[in-house]
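Residues annotated as FAD binding site in TrEMBL: A:187, A:212, A:213, A:244, A:245, A:246, A:247, A:248, A:249, A:250, A:251, A:265. Sequence annotations record features per position, and here TrEMBL assigns domain 'Electron transfer flavoprotein alpha/beta-subunit N-terminal' to A:11-125. Annotated domain 'Electron transfer flavoprotein alpha subunit C-terminal' per TrEMBL: A:175-255, in sequence order.
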């Protein structure tokens, strides 16, 4: 059995190849643009992009390679670019990408339904199986392989997208994915200035600030990269403070992996208390300064 | 110019209940247009208004999706017509099967479609794959994560926003684009728009009547609610003397 891995980030190339090794005998890595990681696959293909060429325009080249290698399994990193490459490849193979796989149970792949309201187990009906994943389930798996890299010439797409220009984006906010302590602010914060109370608490406990969706998407008080929950970030910190957060499932699925959840809400009936280890029924304006002082 | 906007109708997740055996019950749930698809409708409506184009909504969703309230909700936001396949085969359909149904509806639009606008992902599956599959079935280009779009000399020019880069991309029409929620905030339809929506044409068929194949490419084994981590649930209340100190002690214990 052969597996085809298509990933952008170096770490994802390694993780997906290590995971592919657990599913197949032969692992073939494809990298578009940047040179592929070595030592993680039995063979790596590099499709160098001509200057000014859009990543997605390499899809036809990838499909030609797929036909040549004829893998039974394809693992694709979950990124917007690879949603296009992987989706096109799936259409070519007359199947669908089983997206955002978080675990495998035999042939069945687990993904979230309604962002975590349920877990779906799905399996491809056809002979080619295509899954997308961020690779975190494979982070413990060992990658192994050769240093063999074969260059593949970029074949211009038949109906290309034209890249007119691009500009880099400066990442806003901290990487909450790696912070051991995270303070999440929700709708209970009535004014933007009040977020300073959450910032002070985060600073006192040497944590990072994050938020629920409305604070980022509606109020735009914090960057989108800091919002936790369905279609936002999923984090597993040591301690998560849910402050002024009601505890809607859509938010809480983003922190189910937290070791300890601490909730502060003025509504004693807020669902967040059912999902917390320690809860405090209190007005956040009154209690956050006290907590900040005592925990500093 | 004709623009189609694809909308998935899903049960309102607020109304979905979890049974003791962890299965989901959405039988009492209201049907709503998937949240981010509302942003897609708005973006498509704004482009249609700017270009004097005709906007048609298309949908392949579950059997209850043809509900009058849902139809009005979609049509009050700008589209002039709704073409829908409402069939339970589409409640959990894979992206290819859904895309084939949508392609059929695109083919039904009088005068053809120059641009199909899709949301970034549906509330239930959030695969972000139907747009790509639809483009493949139609044999046209596709781009996603679009945060702005405009017409320029007969081509669509989009701003595409990724985590680390913003790209300006020219897309030859016909094409399919997936738009991010950031592209436009959904409008709040007024009474006048809602009344007018009731008079707009809507065609709702099941899969057999629409003549589409519902044989999927993915099988679903199970859909069950996750077992939630067992939490201590020690709740303190500042109304009670000593509770605040006890809470602070407990918190201090875990953050050290």
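The backbone N, Cα and C atoms fix where each Cβ goes, glycine too.
Feature annotations (TrEMBL) mapped to structure.
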| residue | record | DSSP (3 states) |
| --- | --- | --- |
| A:187 | FAD binding site | coil |
| A:213 | FAD binding site | helix |
| A:245 | FAD binding site | coil |
| A:251 | FAD binding site | helix |
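Just so you know, the Cβ of residue A:249 (FAD binding site) picks up 21 other Cβ atoms within 10 Å once every protein chain is counted. According to DSSP, the secondary structure content of the domain 'Electron transfer flavoprotein alpha/beta-subunit N-terminal' (A:11-125) in residues is 44 helix, 35 strand, 36 coil.
Most buried of the binding-site residues A:187, A:251, judged by other Cβ atoms within 10 Å, is A:251. Taken as a whole, the domain 'Electron transfer flavoprotein alpha subunit C-terminal' (A:175-255) shows an average pLDDT of 91 in this prediction. Taking every pair among A:187, A:212, A:213, A:244, A:245, A:246, A:247, A:248, A:249, A:250, A:251, A:265, the residues recorded as binding FAD, the greatest CA to CA distance is 17 Å.
Counting every protein chain shown, the number of other Cβ atoms lying within 10 Å of the Cβ of residue A:247 (FAD binding site) is 22. Neighbour density for residue A:213 (FAD binding site): within 10 A of its CB lie 21 other CB atoms from the protein chains shown. All protein chains included, residue A:245 (FAD binding site) registers 29 other Cβ atoms within 10 Å of its own Cβ.
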